[in-house]
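Colleague: I'd like to ask some things about the structure below.
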Amino acid sequence: MWFSWMLLLASLAMPTTSSKTREWAHHGAAMFADLTPKEMNAVRDYLHSCSELGLTSARDKSLKKNSILLMELHVPRKHEALRALDRGQAKPSRQARVVVQFGNQAVPNVTEYVVSPLPFPKSYQVKTFKGERPIRFESRPISIVEYEHLNKVLEKVGAKANKILQESTGFTYGNCSNRCLTFSDIAPRGLAPEERRTWIMLQKFVEGYFIHPVGFEVLVNHKDLDHEKWTVDKVWYNGQYFDSVEELVEKYEKGTINKLKLPEHDEEDLFSTYIPRGHMNTQTNIHGAKLVEPQGRRFQVDGNFVEYAGWSFAYRVRSSAGLQIFDLRFNGERIAYEIALQEAIAFYSGDTPAAMQTKYIDAGWAMGTSDYELSPGIDCPEVAHFVDLYHYYDTDKPVRYRNALCIFEMTTALPLRRHFNSNFQGGFNFYGGLENHVLVIRTTSTVYNYDYIWDFVFYQNGVMESRVSATGYIHATFFTENGLNYGTRVYNYVLGNLHTHLIHYKVDLDIA
């Protein structure tokens, strides 16, 4: 009798405990929510009111200025967060991480601050790092204003070299109408400390211009904060180096160099377009298979808190990095405190100067802010739950990214488990199977030519998967015979360069 009463009490207590665990997880999820536009504006106004910082607009045309580069959530310390998540205690006050570029002072630098409390900030403190080494100003990310000044340098290059470009490619830079050139810049911007020199390659400005290099690259020295003092240190044309644009023009006119002549550009047969060409075996006037939810959704979303089939977690999309999840639980038990995308890196090889120096570290391009609008039916199913995101990067106000995150349940079209037990007499003893559904939370990052599709996938059996799919365009350079040592010829004057992708996650497991 005593044992029966204990079982009854235990069964009554279990829902209460589970309910409390769920309540605390839901209560704490807001700690990891991205900054709201209201919070971003409050932080901006507060820092601009601090006269000692001397902040001005990020879009001011001068490079010699102090301005906010990036603003995002400063995640609370884990031990403070756990008090709210595991005991239901008060959440720590929200804070913002702010990156400020100080260009208008004796020693220009990049400084990070922690601003608090939100939504009504009244203090800031410098965020220090191990070793307390300062961040060199030359190492700062490139801004829209700096790109505008680089474009003016290239227009000056075009004014001197457009005859060569016209004869070699059929396109010109700057002074053009429908046959214009654009550019791609690479990183790192230098090979030694204190350098800020960027190799820039020209490309035909057509759909998919990433794979239309024209064999013309320039090395621009843009370290000086006075953009009028920027210089072109090297020119690369058709496999040959020159110390200046003037030297190239002089030798081209004298006919003492190997001249380039690309095939005639055919606008009717643009190999880089996404418009389908040729015969299609699939009937395009009939819809393919679609995902449906016959009786509505089986997952719940409340702010940044998600629940599905025993799973619960909080999410954020960090402006500098991308999709991250926190307090991941299955059946009420925490599996991980944090599983967070941190970085995507691509190391390239090549024969042209731009190719051989390309080492992209995408957080330096604010990878998280390149999560543009998702297309229903292509990027995510039409039935998906779409979420708008807000970022504050190289701007003076929060920018809305419409439908930049989606959450949906889908079938994998493969049973999670099944067994057909034959009786070996034309029949069977039994059959058992379990349909396999998963929950997916997805964003994308279009970091220039690449489109990364970031997924976290949650299975009903307690398995969680992180997945990245790469699409978009390759980062291609101009073809040279020696370039075959570093890649594959993908068009008559285009080289697809060998490269390596590295994807970094922070995984903080909290099992048992």
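The first residue you see is number 1, and the count goes up from there.
Any Cβ shown, glycine's included, is placed from N, Cα and C.
Here the structure is a predicted model, which means the values were calculated and not measured.
Below are the features I grabbed from TrEMBL:
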{"type": "SIGNAL", "residues": "1-18", "note": "signal peptide"}
{"type": "DOMAIN", "residues": "39-123", "note": "domain 'Copper amine oxidase N2-terminal'"}
{"type": "DOMAIN", "residues": "140-239", "note": "domain 'Copper amine oxidase N3-terminal'"}
{"type": "DOMAIN", "residues": "290-511", "note": "domain 'Copper amine oxidase catalytic'"}
{"type": "ACT_SITE", "residues": "Asp362", "note": "active site, proton acceptor"}
{"type": "ACT_SITE", "residues": "Tyr450", "note": "active site, schiff-base intermediate with substrate"}
{"type": "MOD_RES", "residues": "Tyr450", "note": "2',4',5'-topaquinone"}
Colleague: Using Cα coordinates, what distance in whole Å links Tyr450 (active site, schiff-base intermediate with substrate) and the residue listed as 'active site, proton acceptor'?
Modeller: 11
Colleague: Average pLDDT across the domain 'Copper amine oxidase N3-terminal' (140-239)?
Modeller: 95
Colleague: Using a 10 Å radius around each Cβ and all protein chains in view, which of these active-site residues has the most neighbours: Asp362, Tyr450?
Modeller: Asp362
Colleague: Write out how many residues of the domain 'Copper amine oxidase N3-terminal' (140-239) are helix, how many strand and how many coil, based on DSSP.
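Modeller: Looking at the domain 'Copper amine oxidase N3-terminal' (140-239) with DSSP, the answer is 32 helix, 31 strand, 37 coil.
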Colleague: Do you know the DSSP helix, strand and coil residue counts for the domain 'Copper amine oxidase N2-terminal' (39-123)?
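Modeller: Summed over the domain 'Copper amine oxidase N2-terminal' (39-123), the classes give 21 helix, 30 strand, 34 coil.
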